[in-house]
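Annotated in Swiss-Prot:
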- 236-238: disulfide bond (DISULFID)
- 269-272: disulfide bond (DISULFID)
């Protein structure tokens, strides 16, 4: 089973919901950036939520997320679009702590609690939408729950988890869900959701046991109606062609100076950790086309 997410409604349309399996995408991120366990959990949770937020968009809309809590992990950056494509990285991927008192990876210690969650949405308008909310726990899921309420005025519940193999650092399971109450939701529906959430196992455990996003929503919603199914992939917008265009945009004089002084160029994409190297011969070929 590959990565995918679903969009659904429940409780007679009073709740909209998103659920995702992101195991392969988070593992791809971990491998590309050589992340240590706690960093993987923090960035993987953020990537999972960002992908589900992408499912709230349409067409060519996209969003950018930044989590900056003042912890040793530094910033977590993530991007996603409406088509299930997302990517994420952290400032310092080599962060790992012992398990916390709940027996879980100590994500809060890595992220920190002195900072904000920032969300920027490109909705095709003149100016992008920008929202933010203080970090309340550093556990990511709780922080985005608070963000939705404070910045987007949408009562929400966010559950997210990443299970990492302690021996080889590989990602065993990753996924999450977002529940959002629509206006005028009856109190009995709110009470029913709260009760079900209180009985729900950890998301990473459910994914690890083979539960699908549909089965996870079955546990928290009353006969959910599936509206869409979108495949997910860890996908970056960088490419060799874009790098060449960036080099061309330097102008002929600056390119000649680069060849003369350095004789080579390397461009590093922070999101996917890809490196594009151009030796003197390659740069001279680009110069000929300018």
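A Cβ is built for glycine as well, from the same backbone N, Cα and C atoms used for every other residue.
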Where residue 269 (disulfide bond) and residue 236 (disulfide bond) are concerned, what is their Cα separation in Å, rounded?
-> 9
Near residue 236 (disulfide bond), how many other Cβ atoms are within 10 Å of its Cβ?
-> 17
Here the 10 Å Cβ neighbour count for residue 238 (disulfide bond) comes out at 17
Do me a favour and check the Cα-Cα span between residue 236 (disulfide bond) and residue 272 (disulfide bond); whole Å is fine.
-> 6
Sequence gap of 6 or more, C-beta under 8 Å: which same-chain residues meet both conditions with respect to residue 272 (disulfide bond)?
-> 32, 87, 89, 234, 236, 238
